[in-house]
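To start, the structure itself, in structure tokens.
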């Protein structure tokens, strides 16, 4: 029976969207966002694993990039795996900008050009970098609310391509991979605040009035030293002298400046000691939440119809490529293997380019130093000739 079910599942496995960017015909820029959009370009990039492989690149700094494409067909992931996978390169050396994608239901927009940052989406997935923050977003919409994953998933921020994979299973579990390596996995009801909490504070219990939660107290045996408050904060500078040119009649009576008193110790405070009555931090007793109801279909969306890119980039140059949306894990893994091999070749080319640039810079530096040395010798020679004359 299981074998039959497996064969049926494999035979019905489908690819709903596969974009390798031979062109950008599927992608329509937003005309409804009200923002000044930067243009996308189809490029191979400065370094690549295959010169014939293209991607969709952001091309102008400090611009929004908002475009959408229609999936090959509308579908629901009910009772099926959902795999969202794509290759992304921050070729520009990202400092602040996103590289994520959004999956939208049919009801969200009438057509691709109607896509805006406010359009409702089912899932937002992918890297987002700004300053020290480098995270992979996995935002799930549930009953109209966008829920951020509670776990932190670091993203890659260098200038080579990385493959991002999100797997959602019909048992309410998920996996996030980067470059084929699992970075996070878990359960929907544990890693997102989609449902009401399973337990809540018992409303019939309050912290006892005599509960002591102060760890330390003032030492009752510590006394303020006599004369403590008599020490002034400032004193007359003993090294100050009235200027010889000072005239009391013209300048007024001279007053020596004051300085901070090295003997002054500030406000006296008694020493602190452990509180013998301390009971520890009071923990509110928990009870089962009567509003908690488990949803076995947290993973499920009735409609996937569009994919959108909606990012702001301070520094442009990000390249999207190899976007795959399918319910076939084997198909995604097969494609990932090819992409990762190509990414390895891309890294090799990038390293060779960087090494050549480094050598060129070093040679230019040596040439400049040599030139400066020759100029110095020439100056010395000129000075010597002047002295002889």
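Even glycines carry a Cβ here, placed using N, Cα and C.
As the structure is a computational prediction, the values presented were derived from the model and not from experiment.
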One of 20, 376 listed by Swiss-Prot as binding Ca(2+) at the site of 52, 53, 321: 20
Annotated companion of 100, 102, 121, 128 at the alpha-D-glucoside site, Swiss-Prot, chosen from 295, 302, 310, 322: 310
Listed range which Swiss-Prot flags as motif 'Prevents secretion from ER', given the options 382-385, 386-389: 386-389
Local Cβ density at residue 96 (disulfide bond) - other Cβ atoms counted within 10 Å: 14
The region 'Disordered' (213-256): DSSP-derived helix, strand, coil residue counts: 7 helix, 6 strand, 31 coil
Residue 53 (Ca(2+) binding site), number of other Cβ atoms within 10 Å: 19
Binding-site residues (20, 52), the one with most neighbouring Cβ atoms at 10 Å: 20
Which of 130, 321, the listed recorded positions, has fewest other Cβ atoms within 10 Å: 130
Alpha-carbon distance [residue 53 (Ca(2+) binding site); residue 130 (disulfide bond)] in Å: 28
